[in-house]
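Novice: For reference, the structure I am asking about is given below.
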Amino acid sequence: MSAESGSRDVRIIQSFVWAASLGAALVGVPVLLGHPGVLAPHLGIPEVHTALGLLCGGLALGLLHPTAPGRLRWRLGMGCAGILFLLGAATLLHHFSGLEPHALRLLPWEHETPARVPDASAAGTAFCFLLIGGALLLLGQGMEGAARWTDLFVLPALITTLLAFNGYFHDALLLLPPHFLQQTGMGLPASAALVLLCLGLLCARPDQGLMVHITQDTLGGFLARRLVPVTLLGPPLFGALLKVLVSYGHLDASMKIPLFATMASVSGVGLVLLSTTALDRIDTERRLASARADRERNLLRTVVDNAPVGILFVDAETQEVQANSAFQSLVGHPLRPGGGQRQFLGHLRHPDGRPVAPEEFPTCRGLRGQTVSPEEYVIVQPDRQLPVLTSAAPVHESSGPVRGVIVTLQDITARRELERLREEYVGLVSHDLRNPLQLITLRAGLLQRKLQEKALPSEAALAEALLQNTQQMSGMVEELLESCRLEAHQVELHREPTDIRHFLEAVLDRDIAPDARERLRLETAAPVSHILMDVHRMERVMVNLLTNALKYSRPATPVVVHLEQTGPWVEVSVTDQGVGLSAESVTHLFEKYYRTREGRSSDGMGLGLGLYISKLIVEAHGGAIRVESTPGQGTTFTFTLPRLVGGAEPAQRPAH
C-alpha cells in the first residue's frame, strides 16, 4: 500500500467517525423534541432515556474525536459521556432492584404505539450505555494504553447491539409482547444508533487499539480493509433484504434461513477468492519489484566492479566487508567478507610512515556517522608503496540509524607523477629560462648605453626595444613561475599584522603613475581591523586590479577603491566606469590563461595569468575574490580577507 492510499484510508475512517456521531445523535432528537412519529413506529420508538443517551453519546463522540480537543470542547464531551454512563448505571440499578423507573422520566409527554417499550430504558440498552459511556470517558482521558481498555468496553456493547440488530431482520427477536426485545426495549433505530457509536469509537483513534490492524501499512492491514467491512455489514444488509421481500410477499418466510445460509456460504467463498486475488496481485507486484531490484542490483554491481577506484562497504552490525576488484587490487590480496577490516588496515600508513590506528581510518569515522573528506594514505606492499586518496560516507537506514559505510580508495600515483613533472617544469622555467633572460636583459641594457654614448640614436632605439621585450618576457616567466608555485602550494606566505587602510594608501601612492593617480579615490566606511597578510603578494593583487581598472575604463573617469569591515571579514572593492564585461567573461575571468576579447586586442603579449594569480593569492590568505559587471557601465572586483582578532590566527573561509 502506498503512503497516499494509506492516508486516504485514514481520512475515510475519520470521516466515518463524524458521520457515526451525527447519525446516533439524530436518532434521539425527534423523541426529545416530542416528535417520535418521525421514526417508523413499527421499528420500535426509543424511550426518552434512550433518546437522551443516544444524543449524549453522539455529541460526546463528535466532541472528543480530535486527538487534542480544546478545553471547552473537552469539558462538554466529557460531560455528555458522563451523562450517558450515569443513564446506563441508573437504569441497570432500577432494572435489577425492581424499582419503578418513573422518577427517571425527563420529558413530560407520552406516546402510545403498538411498539411502545416500557417506561424504563431496557436492560440491554442500559448495558450498552454503561459500556459506551465508559469507553468515551477513557477516550477523553487520552492516557497511554487507554485504547486497549476502550476496545474492551466497546466490543461487548457491539456484540449486544449486533445481536438485536440482526435478530430483528431474522424474526429471532420481536418487538411485540411477549418476546425478548419487548423487555429489552432495543428497537431497530436504537440498535442501529448504538452500532454506529460502537464503530465510531473503534475508529476514533485509527492508529491505536484494534484499528491498528486495519490501518497499518502491511499485508494484514490490506486484507483487513477489504474483508472487515464486508463481513460486518454483509449479514445485516442481506437480512434486511430478506425482511423486505417477505414483508411484500415476494418470498416465503420459511426460505429466509436457507437463503441466508446459502448466501453465507457463497459470501465466504467470495471472500476467500477476494483474498486470493489480492494476494496474487501483491505477489505479482512483489515479483516485479524483486525483478527490478535484481536488475538494479546487477547494474550497481557491474558499475562498482568496473569502477576505476576501489570501493568498500563495511556493515555496521556484522562488520562484514564487500570490496570490488579495484579495492582488492590496491590492497594487494583478496578480501573475505567475514575477515573484517584487519585484512587491509595493517597495510596502511600515514604519508609520514606512521601506522594507521583503526579509529583513525575513515571506515570507523563513517560508522560513527561522519562524512570523511578525501585524505591521503600509503599502502605498504612488499614490492612497493602506493599513495592513495581515501574518503568515506555513512549509509543510513530509512529510519535513520547507520547501516554501514562506503569507502573509496583512489590510486594517486599518476597524480604524484604529474606533480613531479610540474616541479621539473618549474625548475626548467626557473633555471633554464629565467637565468638566460636576465643575462639578455643585462647585455641589452649595456648595449643601449654604449650606443647612446656613441650618438647612434637609431641603433639605441632598437636596443631599447630589445630591452623592453626582454623585460616583458621575464615578467611573463615570473608570472608562470608564480602560478605554478601557488598551484603546488609551494609558496610560503610571510604574513604580518597590517593596517589595511595604510597599505592601500601606500599602494596608490607608490605603484600608480602620477598622471593616473588623480583618478583614484579611496573610501572607508568605518575603522577597519588589521589583517594578517603577506604585504608583497597582496600588493601584487591590488596593482593588478588597479591597472586593469585604469586600462579598461574611460579616460578621466574615477576609479573607486572601497574598504569596509563586514563581520569577521574585511572587504576591498575596486570599481571602474569602463566598458564592462560580458556574462561569459565574468564566468571564466579567473580561469588560467583566460583573456577577454578586449584584453586580447589591447595587449597581445599577456598570458592571462594576472587575475588567476590574484585569485590564488587571496585564497591562500583564506579569502575569496569575485567580480560583478554590467556591460557599458563598469566593473567591480571585490576580495575579502579574514580580519585579525586579538592577535590570533584568523579563521579560514569555509569552502563553497
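Glycine too: its Cβ is placed from the backbone N, Cα and C atoms.
As annotated by TrEMBL, domain 'PAS' applies to 296-352. Sequence annotations record features per position, and here TrEMBL assigns domain 'PAC' to 373-424. Summarising the annotation, TrEMBL assigns domain 'Histidine kinase' to 428-645. Per TrEMBL, transmembrane segment is recorded for 12-33, 45-64, 76-97, 117-140, 152-169, 189-206, 227-251, 257-279.
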Novice: Using a Cβ cut-off of under 8 Å, list the residues of the same chain at least 6 residues beyond the transmembrane segment (12-33) that approach it.
Specialist: 39, 45-48, 50-55, 57-59, 61-62, 65, 107, 189-190, 192-194, 196-197, 199-200, 203-204, 206, 211, 214-215
Novice: Can you tell me the mean pLDDT for the domain 'PAS' (296-352)?
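Specialist: Mean per-residue confidence for the domain 'PAS' (296-352): 85 out of 100.
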Novice: If contact means at least 3 Cβ pairs within less than 8 Å, sequence distance 6 or more, would you call the transmembrane segment (152-169) and the transmembrane segment (76-97) in contact?
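Specialist: Contact between the transmembrane segment (152-169) and the transmembrane segment (76-97): absent.
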Novice: Could you break down the residues of the domain 'PAC' (373-424) into DSSP helix, strand and coil, giving a count for each?
Specialist: 12 helix, 32 strand, 8 coil
Novice: Going by DSSP assignments with H, G and I as helix and E and B as strand, what are the residue counts for the domain 'PAS' (296-352)?
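Specialist: When I sort the residues of the domain 'PAS' (296-352) into the three classes, I find 24 helix, 11 strand, 22 coil.
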